[in-house]
Amino acid sequence: MEAVERVNLLGLDGAALSELVGQWGGKPFRARQLQRWVHQRGADSFDAMTDLARDFRAQLARDCVIEALPVNTEQRSSDGTRKWLFDVGQGNAIETVFIPEDDRGTLCISSQAGCVVNCRFCSTGHQGFNRNLRASEIIGQLWWAKRVLEAAADTARLPGGKAGEDTRVISNVVMMGMGEPLLNYDQVLPALRLMLDDNAYGLSRRRVTVSTSGVVPMMDRLSQDCPVALAVSLHAPNDALRDELVPLNKKYPLNALLAACERYLAHAPRDFITFEYCMLDGINDTDQHARELIQLARQVRCKLNLIPFNPFPASGLKRSPSARVRVFAQRLMDAGIVTTVRKTRGDDIDAACGQLAGEVRDRTRITERNATRTIPIQQVHA
């Protein structure tokens, strides 16, 4: 007789969990109790759920699991940034990075192992695409990090404990790790709903950000299903250049993308879209590009986030000099465009989208020795 795969409760949003419990004759409040045990208390054992009936716990133990991805490595930077490398099988791995700041703690999570969008400046795309992550694997990154960080914070508060950033816990989540979230929509959506659910993580929509390269139809769906804060990987002020840097632009050009952004704003928790713009020396950082970008930005309520590029050999690209970035940013601000320059965090542990995952692929796939480095995950202003 073939064994039935047990349900991983990490991947079930409130509606799905209520349906499962209802199939066993349970009431909706039992599902809410169970959800709080899993996501708020971080329980990984049904025996620990002492306010649930013994028979119910036995049913859960037979049919369900609470299981995050295995952790290959964990690293910590001198600035407090922490990075986990999760094993997704077949020699592939994804990264999750926690960035503590004075006023927030931001967790950057992945939605795919690899990426199909293949932006020219991103090493993750050069590595290719392995598979979509399941909802349990997406939310499992948050579940794991929350447990680790809260345990560290509890320890730091003890007499003689270490104060400071050790007490910072997760207040914001950004989907800016590996992958294009909107190309894994059916798994990303329940993960987002769990992040917002008061019986799970209870984050406000303003504190959860999805970053997309511009999958227009799915932007429209997200605006209806779960309108969290939105960041768009722009990186070019015109179609000709964006076609080269972000190949998806050939399918969804800027006029369609900007129209989708405007539609999204009707439902968004913030009154602006964040445009991400990776600064590439001599490619998209000239005064003319700044003028074009100003005209584009005036079409949509937005803010610009300029990102210094971290070169990798396969890209053939260079980082814009710091002086050029400052001049570029000043031109935008002088035109009334809210502009920030992302600050690098976690340099000493290579806290980078896909970077260490690429190294894992190198070690396990001899034919992919040309997989190289990537753009660091840096300070995120969600």
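Along the chain as shown, the residues are counted starting at 1.
Using N, Cα and C of the backbone, Cβ positions are placed for all residues, glycine too.
The S-adenosyl-L-methionine site in Swiss-Prot is built from G179, E180, S233, L234, H235, N310 plus one of S136, S204, S211, namely S211. As a whole number, the greatest separation of Cα atoms within the S-adenosyl-L-methionine-binding residue list G179, E180, S211, S233, L234, H235, N310 is 20 Å.
With the fewest other C-beta atoms within 10 Å around its C-beta, C122 stands out among the binding-site residues C122, L234. When secondary structure is read from DSSP and collapsed to three states, C122 ([4Fe-4S] cluster binding site) falls in the coil class. In the predicted structure, the domain 'Radical SAM core' (101-348) carries a mean pLDDT of 93. Between the CA atoms of G179 (S-adenosyl-L-methionine binding site) and C115 ([4Fe-4S] cluster binding site) there is a gap of 5 Å. Across the fold, the C-alpha of E95 (active site, proton acceptor) and the C-alpha of C108 (disulfide bond) stand 9 Å from each other. Apart from C115, C119, C122, the [4Fe-4S] cluster site neighbourhood in this chain, defined by C-beta within 8 angstroms of the site C-beta centre, holds V117, N118, F121, S123, T124, G125, H126, E180, S213.
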